[in-house]
Amino acid sequence: MEEDIKGLKEIIKQKNNEIIRLKSLLDNKVNCGNESVSAIEKTSSLTSQEISRYSRQLILPEIGVSGQISLKRTSVLIVGAGGLGCPAGLYLAAAGIGEIGIVDHDVVEVNNLHRQVAHTVNTVGEEKSKSLQRAIEEINPNVKCHAYSMLLNSTNIGEIIKPYSIILDASDNVPTRYLLNDAAVLFNKHLVSGSALRFEGQLTVYNYLDGPCYRCLFPKPPSADTVTNCSDGGVLGVVTGVIGSLQALEVIKIATGYHPSYYKKMLLFDGFGGDFRVLKLRSKKTDCAVCGTKPSIQKLIDYELFCNGTATDKDLKLSLLPNTDRISCEKLKQIFDENSKFVLVDVRPVNEFKICSLSNSVNMPIDKLHLDSSLIELQTLTENTGYSNNYIICRRGNDSQKAVLTLRKLIPSCTWYDVIGGLNAWHHEIDASFPLY
């Protein structure tokens with residue numbers, strides 16, 4: 001009896017999975033409903049060349065001819081042509097996704113190349129969306145690929161996402177995540193979302209059947225000063241490759257009519273420990289502001305205002321001090337040249353100080369300033385300058401301002417000045433050979 005019950009439960013599970021797969025397949029058919037008859041005919045079969053190209057996945061029973069045709073008829077919008085978007089885009093193109101759109105407002109920089117594998121030294125300075133478009137077309141010229149070199153917002157996103165059946169979120173900031181989530185719900189699109197920072201990555205599929213949307217889990221955005229990006233926290237390129245590849249895999253499952261692995265689940269990847277953990281997520285919240293039964297958000301809003309942040313990961317320039325408490329890099333160089341007595345404290349982390357530093361600077365990380373040992377050392381150093389010519393420098397001129405405010409309280413007898421723009425400004429204004437990272 002127990003074995004019979006167990007067997008019946010397994011059959012029910014299989015049938016439920018099949019229902020989910022068929023519903024997903026139906027969604028894709030509906031999303032293609034506006035195609036012309038000729039367009040549908042072109043995607044209803046495979047050419048000899050396509051059979052040869054996709055032969056290794058065609059022989060998989062889970063894909064087969066019908067699955068490959070489904071891939072051919074699927075359209076995916078990739079938002080972000082960076083560490084996640086590059087591997088995802090390349091693998092989706094290689095797999096035979098019929099149409100791919102790429103949205104990114106940024107240009108390729110040298111510091112992108114360790115993780116954004118579609119870009120090369122020859123495309124530095126080029127728009128990322130067009131660089132990835134070229135890489136996709138070189139891998140698979142059969143893919144219709146569109147580049148949108150713009151910053152997405154609530155005004156322009158509607159027209160862009162309409163033709164696409166699946167959205168792949170490879171963005172790098174909180175306002176864009178909320179924008180994509182709300183747009184996915186309002187325009188009835190599946191959203192495959194990934195993120196990566198340092199050695200860690202996350203992956204979830206939102207707005208899929210009865211699964212939650214991003215707002216169900218995070219109704220309110222985090223405080224802007226608690227959000228760390230790759231530029232500040234760093235990231236290992238392989239980690240973005242892992243997450244971006246898994247995003248592509250989820251898209252392929254959805255496109256071929258199977259339910260994704262991380263629907264109502266969140267994957268947590270620890271690259272340093274080599275661990276994959278999966279968290280079970282709740283179903284949709286009935287009181288969710290955008291996907292609930294009585295949504296309060298029925299049109300897109302100003303997401304930068306909502307999140308109190310910018311829809312970009314570019315450096316923020318804080319202004320915490322009056323100009324009288326700050327000096328330019330030119331003024332600092334003048335002090336160097338005059339051989340004046342001074343103290344220059346570099347408040348970056350030790351590992352960053354080892355990358356590069358100005359001569360005669362002393363490393364004292366900002367999170368160590370409150371320690372007695374740091375205060376004693378600073379007191380000794382400033383005695384030699386008469387407690388006046390004391391300067392704080394960091395990477396971009398933000399932490400140095402915070403450090404000035406901190407040291408004013410800890411050592412009120414000393415006068416401290418912040419170096420505007422930090423070491424990045426030193427590179428641009430004084431010494432172009434000084435490393436920029």
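Numbers here mean position along the shown chain, with the first residue as 1.
Using N, Cα and C of the backbone, Cβ positions are placed for all residues, glycine too.
What TrEMBL annotates here:
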- C230: active site, glycyl thioester intermediate (ACT_SITE)
- C394: active site, cysteine persulfide intermediate (ACT_SITE)
- G83, D104, N111, N112, L113, H114, R115, K128, D172, N173: ATP binding site (BINDING)
- C213, C216, C288, C291: Zn(2+) binding site (BINDING)
- 338-435: domain 'Rhodanese' (DOMAIN)
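Feature annotations (TrEMBL) mapped to structure.
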{"residue": "G83", "record": "ATP binding site", "contacts (Cβ under 8 Å, 6+ apart)": "N112, R115, Q116, A170, A196, C230, V235, G237, T240, G241, G244"}
{"residue": "N111", "record": "ATP binding site", "contacts (Cβ under 8 Å, 6+ apart)": "Y437"}
{"residue": "L113", "record": "ATP binding site", "contacts (Cβ under 8 Å, 6+ apart)": "H119, T120, V121, V124"}
{"residue": "C216", "record": "Zn(2+) binding site", "contacts (Cβ under 8 Å, 6+ apart)": "R282, K284, K285, C288, C291"}
{"residue": "C394", "record": "active site, cysteine persulfide intermediate", "contacts (Cβ under 8 Å, 6+ apart)": "D346, V347, R348, I366, S400, A403, G422, L423"}
Collapsed DSSP category at C216 (Zn(2+) binding site): helix
ATP binding residues G83, D104, N111, N112, L113, H114, R115, K128, D172, N173: largest Cα-Cα distance, in Å and rounded to whole number: 20
Chain-mates of C213, C216, C288, C291 with C-beta within 8 Å of site centroid, Zn(2+): N181, V185, N207, P212, Y214, R215, K284, K285, A289, V290, G292
Integer Cα-Cα distance in angstrom, C213 (Zn(2+) binding site) to D172 (ATP binding site): 18
Protein Cβ atoms within 10 Å of C213 (Zn(2+) binding site), excluding its own: 22
Three-class DSSP secondary structure - R115 (ATP binding site): coil
Mean per-residue pLDDT computed across the domain 'Rhodanese' (338-435): 91
Other CB atoms within 10 A, centred on R115 (ATP binding site): 22
Secondary structure content, the domain 'Rhodanese' (338-435) (per DSSP, counts of residues): 41 helix, 15 strand, 42 coil
